[in-house]
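Straight from Swiss-Prot, the features:
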type	residues	note
ACT_SITE	His1109	active site, for 3CLpro activity
ACT_SITE	Glu1130	active site, for 3CLpro activity
ACT_SITE	Cys1192	active site, for 3CLpro activity
BINDING	Gly484, Pro485, Pro486, Gly487, Cys488, Gly489, Lys490, Thr491	ATP binding site
DOMAIN	458-614	domain 'SF3 helicase'
DOMAIN	1072-1228	domain 'Peptidase C24'
DOMAIN	1477-1602	domain 'RdRp catalytic'
MOD_RES	Tyr983	O-(5'-phospho-RNA)-tyrosine
MOD_RES	Thr1039	phosphothreonine
MOD_RES	Ser1066	phosphoserine
Amino acid sequence: MSQTLSFVLKTHNVRKDFVRSVKLTLARRRDLQYFYNKLSRSMRAEACPSCASYDVCPNCTSSDIPDDGSSTELIPSWEEVTKTSTYSLLLSEDTSDELCPDDLANVAAHIRKAISTQSHPANSDMCKEQLTSLLVMAEAMLPQRSRASIPLHQQHQAARLEWREKFFSKPLDFLLERIGVSKDILQITAIWKIILEKACYCKSYGEQWFTTAKQKLREMRSYESNTLKPLIGAFIDGLRFMTVDNPYPMGFLPKLIGLIKPLNLAMIIDNHENTLSGWVITLTAIMELYNITECTIDLMTSLITAFYDKIGKATKFYSHVKALFTGFRTEDVSNSFWYMAAAILCYLVTGLIPNNGRFLKIKCLLVRATTLVSGIIATQKLAAMFATWNSESIVNELSARTVAISELNNPTTTSDTESVERLLELAKILHEEIKVHTLNPIMQSYNLILRNLMSTLDGVITCCNKRKAIARKRQVPVCYILTGPPGCGKTTAAQALAKKLSDQEPSVINLDVDHHDTYTGNEVCIIDEFDSSDKVDYANFVIGMVNSAPMVLNCDMLENKGKLFTSKYIIMTSNSETPVKPSSKRAGAFYRRVTYHDVATLVESHKRARPGTAVPRSCYKKNFSHLSLAKRGAECWCKEYVLDPKGLQHQSTKAPPPTFLNIDSLAQTMKQDFALKNMAFEAEVGCSEHRYGFVCQQSEVETVRRLLNAIRMRLNATFTVCVGLEASNSVGCTAHVLTPDEPFNGKRFVVSRCNEASLSALEGNCVQTALGVCMSNKDLTHLCHFIKGKIVNDSVRLDELPANQHVVTVNSVFDLAWALRRHSTLTGQFQAIRAAYDVLHVPDKVPAMLRHWMDETSFSDEHVVTQFITPGGVVILESCGGARIWALGNNVIRAGGVTAIPTGGCVRLMGLSAQTMPWSEILSELFSLLGKIWSSVKVSTLILTALSMYASRFRPKTEAKGKTKSKIGPYRGRGVALTDDEYDEWKEHNAARKLDLSVEDFLMLRHRAALGADDTDAVKFRSWWNSRSRLADDFEDVTVIGKGGVKHEKIRTNTLRAVDRGYDVSFAEESGPGAKFHKNAIGSVTDVCGEHKGYCVHMGHGVYASVAHVVKGDSFFLGERIFDLKTNGEFCCFRSTKILPSAAPFFSGRPTRDPWGSPVATDWKPKPYSTTSGKIVGCFATTSTETHPGDCGLPYIDDNGRVTGLHTGSGGPKTPSAKLVVPYVHIDMKTKSVTAQKYDVTKPDISYKGLVCKQLDEIRIIPKGTRLHVSPAHLEDFEECSHQPASLGSGDPRCPKSLTAIVVDSLKPYCVVVNGPPHDILHRVQKMLIDHLSGFVPMNISSDTSMLSAFHKLNHDTSCGPYLGGRKKDHMVNGEPDKALLDLLSSKWKLATQGIALPHEYTIGLKDELRPIEKVQEGKRRMIWGCDVGVATVCAAAFKGVSDAITANHQYGPIQVGINMDSPSVEALFQRIKSARKVFAVDYSKWDSTQSPRVSAASIDILRYFSDRTPIVDSATNTLKSPPIAVFNGVAVKVSSGLPSGMPLTSVINSLNHCLYVGCAILQSLEARNVPVTWNLFSTFDMMTYGDDGVYMFPTMYASISDQIFANLSAYGLKPTRVDKSVGSIEPIDPNSVVFLKRTITRTPQGIRGLLDRSSILRQFYYIKGENTDNWKEPPKTIDPMSRGQQLWNACLYASQHGIDFYNKVYKLAEKAVEYEGLHLEPPSYSTALEHYNSQFNGVEARTDQIDTSGMAALHCDVFEV
């Protein structure tokens, strides 16, 4: 609508009243918007639900609040509002009153006024951020159903929805960044909602969303400075102790000087240099000065280790670090050491990176501190600033997160069970985080707000639990029914039974009531008289209760909606023996779920004996012994009968006798039934790393058990010793003593020595020697001291305490923090400071504080035991994976000293015992030994390194000359001198190829290229050097006149610029003007004065296409008036005698690109639009290119480069992306046909055997018969051969299928549309392949300008095509074409020189060849596409040079067309294959018919890229891109896809297609796994292609996704298979035996050879080529002895490479052929054949034509091919 409006507003011919009405409407809307904004600034006082629906609400008519906050008639004053309980709750005062809607409305009204008016008294109490956050806090504290009463709730919700729509598609990094910088609480809440929503649906959006959400919920933006208070407090205490409280004040100054060592420190700082070596020297000197070198090295080691553990998960790490450092302001300081110290101090105090903004705020406060009073005031303001950054931001952040989570608790948002589970987990994490803040003393003033937030999250957690329970299977309860006469005591017995089943009070359900809000969900449920009402469907109710499916109860109260039935035991009573009739449809389901107990009592006998008298109390017993409980059998519908399984005769099966029980046994039976009903098979636990098995003989079990117990006592270990597989609960690992036959799912160790004397070895602390096991120190430490989880012990037993390794007396917080670092990992050390602070200052809460700290801390795998002696008591901490802690208020003296870590001795890796140890453990021991060696020399190594750096300061440095003297030197290395020319070469090479080579690398590469090295880099360098040499004349002599006088210089006319490959930019992201498509076919249309009006496009033969409003009036083209103008709507055509050098093809279809290559989005539906030139029927489209007046007439093209529409209008500056395109329509401009064409578009379509085609005037039949005959030597045994001549048609008994049917079946796949890869993926890969080939193929290869020269480059043994019968050599006289052929060539060449596309037509035939017998029986033959000789000549002239350049570099590039497989080239292939990590050999089924036209067009564009872009090239390009037309049997079929086998340059185009397909599949697979591809794929892997044959050499990354790569190839329409055509997935193959081009590339005793398939060699002896015949089983009448002898000779040479055994078999066949065929040939011996082949392979003797042919099995080509 907006684009249409823009066209309407530009139209001059529309009615004035319509324009006036539009203007008035827009003005009215602006006035209403201004009035609405004014009203929104004067906020209303009421919480009116209708306000959102009106611009001016009719209900809100109260006056505004005065500026001073005084009261009005309806609204109390600000002073009165602050006294209400609602305001107190918002300010977190101690009140439990609920939020009153009226009070909230009043508070909101004053807050609105305070925001807009500075004089309002609320501004003196709170800042504006606090005012705006109050309502958000209130929203977070209320349940979601109660938020409608909060003022501005609907506006807040709408704002959050708008922010959600804006940010929902943004990446995670962007959202996290916005949270960190945004100050808008509504925006932050919306972003949190997006993150949490995608985290709940991480299955669709990625697991990183859920992981990041869990991590970020535990983090806060603000820095809590109270963690530094213990540090500052300890510093103050230490300073007080050294000064005021020092008993020897005179000794303080010398001690302080001796501690600081100021002279040495000053000398170190004065010698500091701001370089890498300078920092190393300075820091090393300071560490050595204060004797902290060793501990600093250990700390740096742990930091680097943790950094490299986390860097793999970091995203955009480089950009973040770069942004951090580039954001700092450069300061003019003489020594950067003090600047660094100030920055670190600011970070430690404020917790904020000292960027420019924070420094400015602090600086503004400190600048005013000129006196003592102003200094105190400034300090107070700084403290207030820091407090505001901490507390307020924490509460606001928690409120935003709570609102986001509560709004996600909605079935429409989180719909499936997985999302509910993740939402539940996120809510629990946030609940725990808020709970932690409630324990913080600094946050006590906000405690009530935090508890209300926790209450809101409790509601979310409860709701999520309900929703999970509804969707999950539950335990099936047990239902017992007590039946008997009234008054027998059933209800009392049910109550007594309920008490024995559970300590809880039973839940009671009354089925006579519709709603069950009173149901409590306890374990036992009693339903008394469940069948008393006939109106209740009690049978289905019972079936629903006793079921594994969740049962939702019908409740009336809102908070009980979704309540589930959860009881385990159901006890029901009934007076009816059979409540459900056996004939009921639900009887089977009912009686299967319940168990009946018939209740009888002594009261009945008393009533019968004494009717009319009251029953005495003596008839009732407290233990219910007066009751008789008879348990019926299963499915007994009465006492006598059981339900019939068939449901027919229910009184046919007698019931078993009942079982009599009492109340106690009945309760026990119910518990057993419940356990039996809910019994399930559990999967066996996999191999556990906390279970250790010691395997010994049965007689040694007891001894090993005693040894292990002795080890446990000796080392005070935490593991538990068990005999057998059963394990008991343990705080650590479990050691199992096993026999060899017992299975075990843990780590196994074989005990090789076991006796009582080994106990003495324990005194030497060598556990492995005592047991005789090969066990690493890591495993031993893990076994003995691993702790599961985190345990806090409030009570202490001295015999359970571990021996201390460290005893720390805590005098300051530094002592505690430094000791805790031994226990924690790097991330856990930051929590140690807060725990130390809590232990020191709040000793009464030691267990709670340490429990929380331990839950949040990750402990190292090393065993560490530390005893802390603190003022509040003693704390003992033991950690190893987990942790145990003992905390006491009193001091405890712990004896036992310091223990040593158990070791395995120095001989445990010697002997055969090490064979059972994995390599990882052996290497771990090696690294441990190297670590010990390093620990002994690390300090001295660092000091010596720093000393050598210090000494190198005074060493003279070599400096290069010329341009490398100063700042423009090489990137790496020193002392390399370059001349000016060499420097220019180095810079140009790096810029042209986008490399970062150092000077040394560049000189080495240039040297290797000059010496003729054949590696890829050297070849590409030579190609670049040649291109640069051609540009040597790009200089111009100029005269420069300046202050220095007159100088003569040479300046470069071409600017050096790196080529932007754009591998990481998709086609859809490209924009901006560039080179126009079909620029050689586009001309300018001018008026009589020569001014430009628009463009036209040459269609050929002097016919041009344009748009009507451009050629309207007097129009000229190239200075000549246009004529013969014809229009069809806005599209028009005209003629001109001025003919452009090229022509563009036109087609009716949807465009994909605009004239400059940008993508086009359009529905391509012509509609009338109003423009400045009147009504125009066209199609609306959008592109990213901005057009200008005068661009009308430019072409819009499709994927094949065909023009489908012309530009005719745009939306102007307001909507520049809107375009109006006139689609192409056919206009008959023909005068007389100048060339023959079989396919006539004017003829009607006909259906021919299922094909849509055009009927021709002449009929060319498909040739019949075959020239293949059985050899006279094999008339009897020719059936032993695996191949036979192809099917001959309907008369062939092997397959009666006609030749026409075979051709039709072969053409049908070509008529199916194949889409191929996505367009943007294909475009990117095409650019990569062009860049890769640019290193081998030169640019601007000249096309052939001579028609006869191009014709002689063709193979004259092939067909002339559909316009001339026979082969080319049939029309040759003395080596030159005859008149018929010359006339045809001349007519086509004339059109090609004008850039006009030629008819793309082929004549169809069937290949006469040997085929496998099974394919002969199926009637499968390969088609021959006979290309028009004129088209072939034009294509040879255009692209033969480019094709030869590509094939000449087959040794380096991916295309192997032109390779000789019987030459040393095969050795180069083998070396390429051997260097790959994974090798895949792939073949494709139906390759030709599955080719996408878009891929073929991209390959043809690659050929055109390297050509000289002449009209001949344009004609060939447009011809080959047009759909091929198959001509046969008097019809012409236009195919939709596929690549004709007879297309010119088919091998090269097929190979380029192959490369593009594989590159697209790899690119799409990588980016599907979130790997952005910014590099050239073809530079990272190698491949060899020849048509459909391919060998892919993948690195590990690509091989890991090979399944996805081949799946993508299949999705493109291809059919990849194994080389041997076997069924199964394509897997890596052995690189020592790779099949390529029907050759097996492998190593033989003679070297690397390409072995021809044995069956191909053997069938040479069975068949001979002769005259055409229908009886191929008869020998030919004549045999050419020369050709046949050469064929058999070559077969013997190929057979010699397979070994002597196979050669002997071939030799016998050769002797038999010579005898029966009368050949003058003596078959060579094995040694002779081997010698001849090796000589020809190495180029010693001339190769025969057969061997010299490249490609497939070449030795029979002259004999068997057509």
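Positions of Cβ are set from backbone N, Cα and C atoms, glycine also.
The structure, with features from Swiss-Prot marked on it.
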| residue | record | Cβ neighbours (10 Å) |
| --- | --- | --- |
| Gly484 | ATP binding site | 24 |
| Pro485 | ATP binding site | 14 |
| Gly487 | ATP binding site | 13 |
| Cys488 | ATP binding site | 22 |
| Gly489 | ATP binding site | 20 |
| Lys490 | ATP binding site | 25 |
| Tyr983 | O-(5'-phospho-RNA)-tyrosine | 18 |
| His1109 | active site, for 3CLpro activity | 21 |
| Glu1130 | active site, for 3CLpro activity | 27 |
| Cys1192 | active site, for 3CLpro activity | 24 |
Among the binding-site residues Pro486, Thr491, which residue has the largest number of other Cβ atoms within 10 Å of its own Cβ? Thr491
Spatially, and counting Cα to Cα, which of the recorded positions is closest to Lys490 (ATP binding site)? Options: Tyr983, His1109, Glu1130. Glu1130
Gly484 (ATP binding site) falls, by three-state DSSP, under coil
Under the DSSP assignment, what numbers of helix, strand and coil residues are found in the domain 'RdRp catalytic' (1477-1602)? 58 helix, 27 strand, 41 coil
Nearest by CA distance to His1109 (active site, for 3CLpro activity): which of the recorded positions is it, out of Pro486, Cys488, Glu1130? Glu1130
Of the recorded positions Gly484, Cys488, Gly489, Thr491, Tyr983, the one whose Cα sits nearest to the Cα of Glu1130 (active site, for 3CLpro activity) is Tyr983
If you measure between the CA atoms of Tyr983 (O-(5'-phospho-RNA)-tyrosine) and Gly489 (ATP binding site) and round to the nearest Å, you get 110
Rounded distance in angstrom between the Cα atoms of Gly484 (ATP binding site) and Cys1192 (active site, for 3CLpro activity): 98
Can you give me the average pLDDT across the domain 'RdRp catalytic' (1477-1602), rounded to a whole number? 92
